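One structure below.
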Amino acid sequence: MLTLLYPSESWLHRVPAGPKLTALPLLSVALLAFDSVAVSAGAGLAVGVLALSCGRGFALRALASLKPVAIFVVLVLAWGWIDGTLENGLRIALRLLTLVGAALLVTMSTRFDAMMEAVARPLRRLKIVDAARLAFVAMLVLRFVPAMIARLGALQDSWRARSSRRAGWRLVMPFMIGALDDADHVTDAIRARGGMPTDRAREDDTQR
Amino acid sequence: MEHRIVMAGLFAALIAALGLVPSFQLISGVPISAQSLGVMLCGTVLGARRGALAVIIVVVLVTLGLPLLAGGRGGPAVLAGPTVGFFLGWIPAAYVTGLVMERWRPSSVALPAAIASLLGGVVVLYACGIVGMAAVLDRSLPEAAMLSLPFIPGDLVKCVLAGLITRGIATARPQSLLSRA
């Protein structure tokens, strides 16, 4: 469930993450620089054709994922219609749909680890970010989420076993305290295994 | 050191998990997600720097494509959408919430935590959110503010909740309240 990747093998899936990620800001700048209905409509059409070239299911899923911005599109169009600047509204709506749509194509056709590697590699070279540690923390977060959901489920079960009333807010504090204790236990476990992985590990070893 | 990073990871996960809580409706069909409550708690419990770090983890993971936002949204599309200001505004929101919590230390915990959440999680967050929305939708700031106003009552409820939860943590696990460590 924890992925937005569309499980198919289209040509877009085979394009490396780096170029796909680079294309997004370039598209944004281009659309802002040549801001007109015609340009945005053309770019939007191109994004639509790209989506369709990856298969019908892929395109339909991309369309469904546009739903959160649909309300803003309606809003901008209605606004433009009311104060007589419908063309302006159309321009903004098309730009919004095109940029969000293009970003969706990238997300749906790129594995998360490829995405992370594409971003971490240049950062690592610049020595801004400790990539090994970043990856470790990311995995930690991804493991905490289901653990938290399971904990809440267990608390709800034990409440239901003892009461016919709704638990409501009463489970909030036990949940939080349990989560904080989890953090303590995980910390102990990490320390027992010699600490978190880090890019600097090798340098430390040679110093020792 | 490990403990602080693990705590940041835990609260990042908390924000993600709160996105799975079905959104409740306070009045007139305005959906309210619980995620900004997590952002407030990052500030009140972890403090400014760690709180901001926890939120940055979420922002990075979401931007790279994990569907951790309410409604299963994620990916760079979030940065292109009208709510980008609110999404990126989470970082200064948690930082300011934590800063207020660290600096202002009366004997109670609930009140400063609620006020800190109000300043960071509502004032700072909406300032960022409204600027972002005005930019993406090409509207004036007052117009963008009007679109955001219906969500304020729900966020005020979350401030009170953040205050109460922080007080609960201060009572039960005082050593985990890094903002007051």
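A Cβ is built for glycine as well, from the same backbone N, Cα and C atoms used for every other residue.
On a predicted model such as this, the values are computed, not experimentally measured, just so you know.
TrEMBL annotations:
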type     : residues  : note
TRANSMEM : A:26-52   : transmembrane segment
TRANSMEM : A:64-82   : transmembrane segment
TRANSMEM : A:94-114  : transmembrane segment
TRANSMEM : A:134-154 : transmembrane segment
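Within the same chain, the transmembrane segment (A:94-114) stays apart from the transmembrane segment (A:134-154): fewer than three Cβ pairs sit under 8 Å, each pair at least 6 residues apart. Proximity of distant same-chain residues to the transmembrane segment (A:134-154), defined by a Cβ-Cβ separation under 8 Å and at least 6 residues beyond the stretch ends, is recorded for 2, 116, 120, 171, 175, 178-179, 182, 186, 196-197. With a threshold of 8 Å between CB atoms, the same-chain residues lying at least 6 positions outside the transmembrane segment (A:26-52) that come near it are 12, 58-59, 62-63, 87, 90-91, 94-95, 97-99, 101-102, 105.
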